[in-house]
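One structure is given below, encoded as structure tokens.
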């Protein structure tokens, strides 16, 4: 899952040994190579460095420290570094085997989490979509005028507010994300779970989906029973908020944070821009911007240097490493 601290000076995680380790020329050369190969290739290259004869103990330690990239913050990775400090080749081999198991377990756990969230997302999407379609049909069937004439004024009001509700939610999300979710202590109490590593398929921040769904339910219920243009407009606004929430879940949770697979849509140019724009939000590099979701790239265009960085990160984006 792509989570980064709120405060940070870079959009990408730091790659390098701890500051107290001296960076020798050999270690620096090795680290530069690591940035251009996959995690699996990193591990193979580093394992060769560790077991290669005539390599100084310090280089072995640096190599083992770099292995923490593959399984950060795990007991196995910490044990690997401790084994390197002992300078024992056998201990290093054992630690590498432990790291292999840690990587396999981590991948299996992530797969289970993705399947759990995907099942919940599919069930919610099908259920909400079915209810919305059926409720729309019932509303206009109930309020048709005598003789069966279609109330075109109400239909137009509903369609306009569907679009308006969705666009309005993007503006509201930009405001709420900054003022409520980050700057408000109560909002941050839930939202901070989204900016820290997650250990399960769900996080406290997911409660905002329910909270933001309440206005949509109220508007749809009120507009469903009110037989005039105002009722049609309220019904449409509720549908627009619902549509925005479903799209937000697909793009934010699925595409950006990889909580479930999204298929080939991830390769679309604008979807890549949405991804790296939200990545910059998690980095905190531009004061937390962008705060919006679907217009995040446009929000960054007003910040000096941000638009150029978005284009650079789009070119560097590699889904196989995420």
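Along the chain as shown, residues are numbered 1 onward.
Every residue gets a Cβ built from N, Cα and C, even glycine.
Swiss-Prot annotations:
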DOMAIN    164-286  domain 'Fatty acid hydroxylase'
MOTIF     177-182  motif 'Histidine box-1'
MOTIF     191-195  motif 'Histidine box-2'
MOTIF     252-257  motif 'Histidine box-3'
MOTIF     278-282  motif 'Histidine box-4'
TRANSIT   1-68  transit peptide
TRANSMEM  118-138  transmembrane segment
TRANSMEM  149-169  transmembrane segment
TRANSMEM  207-227  transmembrane segment
TRANSMEM  231-251  transmembrane segment
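Counting only same-chain residues 6+ beyond the ends of the transmembrane segment (118-138), those with a CB under 8 A from a CB of the stretch are 158, 201, 220, 224, 235, 239, 242, 246, 249-250, 253-254, 259-261. For the transmembrane segment (231-251), the residues of the chain that approach it from at least six positions outside its boundaries are 121, 124-125, 128-129, 132, 136, 139, 143, 151, 153-155, 157-170, 173, 209, 212-213, 215-225, 262, 271, 274, 293-294, judged by C-beta separation under 8 angstroms.
Averaged across the motif 'Histidine box-2' (191-195), pLDDT for the predicted model comes to 94.
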